[in-house]
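Notes for the one structure printed next.
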Amino acid sequence: MSGMDVKELRIIGFLCNWCSYGGADSAGVARYKQPTDMRIIRLPCTGRMDPLFVLKALLGGADGVLVSGCHPFDCHYTSGNFYARRRLQVLKSYLPVLGIHEDRFEYTWVSASEAAKWQSVVTAFTDRIHELGPAPRLLELEDMPLRFKEGMDIWPS
Amino acid sequence: MKIGVFVCLCGSNIAATVDTERVAEIARSYPDVVFSKAEMYACSEPGQEAIREAIVEKGLEGVVVASCSPRMHETTFRRAVERAGVNRYMFEMANIREHVSWVSLDREVNTRKAAELVRAAVEKLRLNRHLTPSKFEINKRVMVIGGGVAGIQAALDMADGGLKVVMVEREPSVGGKMAKLDKTFPTVDCSACILGPKMVDLAQHPNITLHAFSEIEDVAGYVGNFAVTVRRKTPYVDWERCTGCGLCMEKCPSRKSPDVFNEGLKPTTSINIPFPQAIPKKATINPDTCIMLTKGKCGSCAKICPTGAVDFEKQDELVTEEVGAIIAATGYDVFDHAKYEEYGGGRIPDVITSMQYERMLNASGPTSGHVKRPSDGKEPKKVVFVQCVGSRDPSKGRPYCSGFCCMYTAKQAILTKDHIPDAEVYTFYIDVRAPSKMYEEFYNRARDEYGVRYLRGRPSRIYQDGDKVVVRSVDTLLQAQVEVEADLVVLAVGGEHSRGASELAEKLRISADQNGFFMESHPKLRPVETNTAGVFLAGACQGLKDIPTAVAQGTAAAAKALVLLSRDMLEADPQVARVNQSRCIGCAKCVGVCPFQAIRMGKDRWGNPKAEVVETMCQGCGVCNVACMDKAIQLDHFTDDQILAEVNALCREWT
Ligand SMILES: Cc1cc2nc3c(=O)[nH]c(=O)nc-3n(C[C@H](O)[C@H](O)[C@H](O)COP(=O)(O)OP(=O)(O)OC[C@H]3O[C@@H](n4cnc5c(N)ncnc54)[C@H](O)[C@@H]3O)c2cc1C
C-alpha cells in the first residue's frame, strides 16, 4: 500500500452513517489494512453534504476530500444520495474555476457490507492524492516573504 | 464548557497499536478539556462507572469517549452520561478502533491520528446543545410481508401476544417453500402435517388479517406510524363469495397453465386453487391462459360456480394499512439451473431440480408420490444427486453456501431408497455441511444405513446418452475420472434472494448485502433488526437458512416487534431540523426537498411565510439544511458549525 511509506497527507472523508461509515467499520473489523491519511467525519446522510464543507476543507489545509454514501436506490432516507450526486457533480466541475485541482475531490458509493471495496477506495484515493502531492497553501501574512510585505505597504492601511 | 475525555484501550484491540496514554495526555491540551484518562474497557461496568464518577467529581458538562464505532456503542455511552445527570446529547465519540487501530499497525501514526480524531470530537462537542426527545403515539398493529414459515411464525406469535397483525403474501396461498416440501430433515416428519395446522391457525386467528395475492405498493411514514399501500391483485374471482369447492377447476377447459406450485411438472387449469391445503382456499384465474380473458368466450367456470363468485371484470384494489412496525419475511428463490449449460441447461428432461423432486415425492404432488422419469414415466433405478448447483460457485455469481442443500439431498436420497428400495443412489458433493442438531447423524444414516454412495467432486458435464443421463466428474478422493449412467439426475439447486427483493428494500428503506439478502443491523448482536427503526427481518430473506432457523428468527422478530409496541408512546429522536425564524425568508426550498414531507409553510406573527418542521416526521437526514441558502434551517447535532468545527480540527497543522 503505497500511501503508507511516505509522509501522510491530509485527507478528509465525509461518510454517511448508514452505508459507507458502516463499510469503513466493516473494513476495520475485518482488519483490512489501509493507508492512514484519511480522517473520517460522520454525517447522517450524504444528502447533508454541503459543498461548502468540501471547499472549507480544501481551502483550510486538506489535500484531498472524499465523500462516500449509499449506492443509488439504497439510501436510508430514500433520496439523500441523489441530492448529493447532483450537488457534488456540479461542485466538481467548478473546482478548477476556484483554482483547486478537481482530482483532490471525489465521491463514491460504498455500502455497509462492502469492506473490501472501502479498502480499495481509500487506497486508490490516497494514492491519487499522494501523486498530486500536498495542496498549495496560502500563506499567513507573517509567513510571507519580505518583498510581498513591502509591496503591500504601498497601500496605506 | 467542562469536557472530559476517555480513551479506551479496548484490552489490546486499541492499545496494541495506539498509545492511549499519550492520546489522553495530548487531549488535556485541547480547548475546554478539564479531564482526560485512559480506560481499559470504557464500555464495561467499571468503565462506565469511571465516566460517571468523573462527571460528578469534576463537574463535567460534556464527554468524549475515544473507542470503537458509534454504531456500536453510542447509545451505551449516552445512557451512561445521562445516568450521571448530563444531557445524553452532550456526548461525542471518536472512532479510534475500526478506523484507526484495526487498519494500520504503525503505532506512531495511529497515535497521532487518534489524537486528531479526539480533537475533532472535542471541537464538535463544544457546539452541542442539550436536546430532549419528544414523545409520540404508536399504532399497535404490525405488518408481516411474506407468508412463508418464518412470516407465519412471526404473525402467530405477535397475534397471540395481543397485537393486530396484517399479513401480505404475494402468492394466492401462504406457506412459502415449506408448503411444497414432502418431508423435512432431520426428523423426516411430513411437512404439510406440521405446517398445515399453523396455516389454519393463521387463517382463523381473530387478530390476523390476511391479504393473499397482494403486493406492497408503497411504504410511507416511520416507526410507530407507517402507512403501507397494498395492491390486492385481482384473482378475477370474488374471494368473499368463493367457498373453495373446486367445481370451477373441474369444468375449466383450458388446461395449459403452468403449475407454479408443482414447479411446472404438470400443467394446470386456468382457474385453480394452488393446492388442496391452500390458505386462503380460493380460486384464482390465470389471465394469460384463460380463454375468456384472452379470447372473450368460454365462461364455463362462471356458469358452474354455485355462489356466482367468478367476476371477469374485477380490478386490482389498493388498500392502505396503518401499522407501527413491519416484519419482512419474503424468503428466497431457488437458483435457475438453466444457467448451467454444462448440466444440460434445463434441456434434458430427466435432469430435474430438487424442488421438482420434492413435489414428485409428495403424495399430493403431480405424480401422486411416485418417483417417475419425466421423459417416459418409468421408475428410475439409478438416481444421481448433484450438490452445489448455484452454490459456492463464484463463476455463476453465487459464491456463498446455500446452507440447506446438503441436508435436503441426504433427505431426498433416503426418501428415494424408501420409495424404490432396490435403487442405486449416488451423491456428488464438494463437502458435506451438517452443523446443526442431529444433522451429522442424519447424513451418516443416509450413507451407512441407506447405502447412499457419496462421491467427492463437482461434475463437469451432464449429457443424454440414449435413454440414460451420464454424469461425468472427477472423484477427487480417488483422483480419477468417473462417469455414472443415471436414469434420473436431481440437481440440488441453491437459493438466491427472492425476485423483487431490491425494490421492496427500497420501499422499506432498508439495505441489501452484496448477494441481495436484506441486511441486518448487526450480524451478531442485532440479527433480526434493520437500520430502519421499526422494520425487522425473519427467515431466508435475511440470508439462506433452514426451517428451524427461519422459525426461530420469526419468533425473534415477533419478540422485537412486541418489545417495540409494548410501549404506548415512543421517543422521537431529537436530532431533527430546526428553523431559525429570523433568518428564514420563506422560500420553501426545504419543503420541496424533504423526502418525508416533514416541513410545511407556516406564518410568523406578522404573517410572513416561515418554514416549520414537524418534529415527529423529521428523520434527520439534513437534505433541507443544504438546500437553504440562508442557513436558516439547521439539523441539530449536525449543524454547519459543528461539522465545520470538525473540518477545522482535522485541517490543523500537527504540532
Ligand atoms: C428442495 C428444498 C428442500 C428443502 N427441504 C428442507 C427441509 O427438509 N428442512 C428444512 O429445514 N429446510 C428445507 N429447505 C429450506 C426451506 O425451504 C427454507 O428454510 C424455508 O422455506 C424458509 O422459509 P421462509 O419463510 O424464510 O421463506 P419462504 O418459504 O421462501 O417464504 C417466503 C414467502 O414470502 C412470499 N414473498 C416473497 N416476496 C414477497 C413480496 N415482495 N411480497 C409479498 N410476499 C412475498 C413468498 O411468496 C413466500 O410465500 C428446503 C429447500 C429446498 C429448496
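Each position is counted from 1, following the chain as shown.
Note: Cβ is positioned from N, Cα and C throughout, glycine not excepted.
Here TrEMBL flags B:233-263 (among others) as domain '4Fe-4S ferredoxin-type'. With a cut-off of 8 Å between Cβ atoms, the residues of this chain six or more beyond the domain '4Fe-4S ferredoxin-type' (B:233-263) that come close are 171-172, 179-180, 213-215, 269-275, 278, 280-291, 293, 298, 300-301, 303-312, 314-317, 353, 355-356, 359, 365-366.
If you look up TrEMBL, you'll see B:281-315 (among others) marked as domain '4Fe-4S ferredoxin-type'. Within its own chain, the domain '4Fe-4S ferredoxin-type' (B:281-315) has Cβ neighbours under 8 Å at 172-173, 212-213, 234-254, 256-257, 270-274, counting only residues six or more beyond its boundaries.
Predicted-model confidence for the domain '4Fe-4S ferredoxin-type' (B:575-604) is 95, expressed as mean pLDDT. The annotation domain '4Fe-4S ferredoxin-type' is assigned in TrEMBL to B:575-604 (among others).
Annotation comment: TrEMBL describes B:609-638 (among others) as domain '4Fe-4S ferredoxin-type'. For the domain '4Fe-4S ferredoxin-type' (B:609-638), DSSP puts the residue distribution at 5 helix, 8 strand, 17 coil.
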